[in-house]
Amino acid sequence: MALVSQARSLGKYFLLFDNLLVVLGFFVVFPLISIRFVDQLGWAALVVGLALGLRQLVQQGLGIFGGAIADRFGAKPMIVTGMLMRAAGFALMAMADEPWILWLACALSGLGGTLFDPPRTALVIKLTRPHERGRFYSLLMMQDSAGAVIGALIGSWLLQYDFHFVCWTGAAIFVLAAGWNAWLLPAYRISTVRAPMKEGLMRVLRDRRFVTYVLTLTGYYMLAVQVMLMLPIVVNELAGSPAAVKWMYAIEAALSLTLLYPLARWSEKRFSLEQRLMAGLLIMTLSLFPIGMITHLQTLFMFICFFYMGSILAEPARETLGASLADSRARGSYMGFSRLGLALGGALGYTGGGWMYDTGKTLDMPELPWFLLGIIGLITLAGLYWQFNRRRIESAMLSSS
């Protein structure tokens, strides 16, 4: 038992460093894409939104297949291959002077994520015990926030010189991450049985409760991805400089590093996962409604702060809830499918957000996209409430019988 505990402990440290590299490499590049192509080159927000949505759709929409392959062949080969593929996508992005090149680069980056993301998520479940999983997710989120602000700072600084440097730096970090995994990651099996890929896929698709939960989260992700598209654009417009975007990520990092872990420990003793997820989503939704009417940068940052507070409350609960519903016989497949809501929400959030932003500008109604996003948040909240309430009723009926 002592050896098992030691292996779990070392595995968690490995996951934390690996996660830092992945987050850093991603945020060096992606927050700057909308600034580079919309603000600097004058491309339509819809064109850039399509590129970002394509990356999201490819990575998360095909995640169930990446997870099923990892269930069959193990985590290590999929993680290393996927990270090298993302590095290639970032290198191609440096040459993007036509929309189709940007779309191709984002698709290649997303395909890499399809391969490495589900097995990495499944390893978290494998190496953590259920009672500590929520707090470990909080640590990962704190690291995500710190990596995001450091990555955005590096990317903003490099963008002053050349966008090529931004992309090459992101690619180099993912090559480093691939080497780290190839050298040190043991040949873990992420599921308790090594079943054919089709069996893992069908096991997930037959789990109606899990499928409903994942698809309901589409609306949640439509709100969440605006951190990468519309919020940076609005911050840049009000500030008059892309350098101000880094302060948006600095707010997230400061809130996450100071509040995320203690808030997770406090709330897990007092509220259910479902209550924490819905409360966080409600805060995120209400904070988006007024953004289109804001004319001062300080006020905008205040509402972005509220948005992040909602995310800090909701995210650990969302991850832990999804992990608790996963079948240990097909962890990779479950974690891959769990990203489908992010795929749909990301694709709709990016493309729809870009279209709504352009339409709002054309109609001289800057509040339009934010109002529509708020409505989507309320509809999602109602869907989650119905789903969780029905589950409680079914559990009560089973226990009484």
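Every residue, even glycine, has its Cβ placed from backbone N, Cα and C.
If you look up Swiss-Prot, you'll see 13-33 (among others) marked as transmembrane segment.
A Cβ distance under 8 Å defines the sequence-distant neighbours of the transmembrane segment (34-54), meaning residues of its chain 6+ beyond its ends; these are 96, 99, 102-103, 105-107, 110, 159, 163, 166, 225, 228-229, 232-233, 236, 242, 245, 346-355, 357-358. The annotation transmembrane segment is assigned in Swiss-Prot to 34-54 (among others).
Taken from Swiss-Prot, the feature transmembrane segment covers 99-116 (among others), and the record attributes it to sequence analysis. Note on the transmembrane segment (99-116): residues 22, 33, 37, 43, 47-48, 50-52, 54-60, 62-63, 65-66, 69, 78-90, 92-93, 174 of its chain, located 6 or more positions outside it, place their CB under 8 angstroms from a CB of the stretch.
Per Swiss-Prot, the feature transmembrane segment maps to 139-159 (among others); the stated evidence is sequence analysis. Long-range contacts of the transmembrane segment (139-159) within the same chain: residues 15-16, 19-20, 23-29, 31-32, 35-36, 124, 165-166, 169-170, 242-243, 245-246, 248-250, 252-253, 255-257, 260-261, 312, 315-316, each at least 6 residues beyond the stretch ends and with a Cβ under 8 Å from a Cβ of the stretch.
Marked as transmembrane segment by Swiss-Prot: 165-185 (among others).
Taken from Swiss-Prot, the feature transmembrane segment applies to 214-234 (among others). Long-range Cβ contacts of the transmembrane segment (214-234) within its own chain (Cβ-Cβ under 8 Å, at least 6 residues beyond either end) map to 30-31, 33-35, 38-39, 45, 48-49, 52, 56, 245, 248, 252, 281, 284-285, 288, 291, 300, 304, 307, 311, 314, 318, 322, 337-338, 340-342, 344-346, 348-350, 352-354, 357, 369, 373, 376-377, 379-380, 383-384, 387.
Per Swiss-Prot, the feature transmembrane segment maps to 243-263 (among others); the stated evidence is sequence analysis.
Annotated transmembrane segment per Swiss-Prot: 277-297 (among others), in sequence order.
The transmembrane segment feature in Swiss-Prot is assigned to 299-319 (among others); the stated evidence is sequence analysis.
The transmembrane segment annotation in Swiss-Prot covers 340-360 (among others).
Here Swiss-Prot flags 368-388 (among others) as transmembrane segment.
Panel annotation: around the transmembrane segment (13-33), residues 48, 51-52, 83, 86, 90, 93, 102, 116, 120, 123-124, 127, 139-140, 143-144, 147-152, 154-156, 158-159, 163, 166-167, 169-171, 173-174, 176-177, 180-181, 184-185, 228, 232, 242, 245, 249 of the same chain, lying at least six beyond its termini, place a Cβ under 8 Å from a Cβ of the stretch. Sequence-distant neighbours of the transmembrane segment (299-319) (same chain, 6+ residues past either end, Cβ-Cβ under 8 Å): 134, 137-138, 141, 217, 220, 224, 231, 234-235, 238, 247-248, 251-252, 255-256, 259-260, 263-264, 267, 273-274, 276-277, 279-288, 290-291. Here the transmembrane segment (368-388) has Cβ contacts under 8 Å with residues 212-213, 216-220, 222-223, 226, 230, 274, 277-278, 281-282, 284-286, 288-292, 353, 356-357, 359-360 of the same chain, all six or more residues outside its ends.
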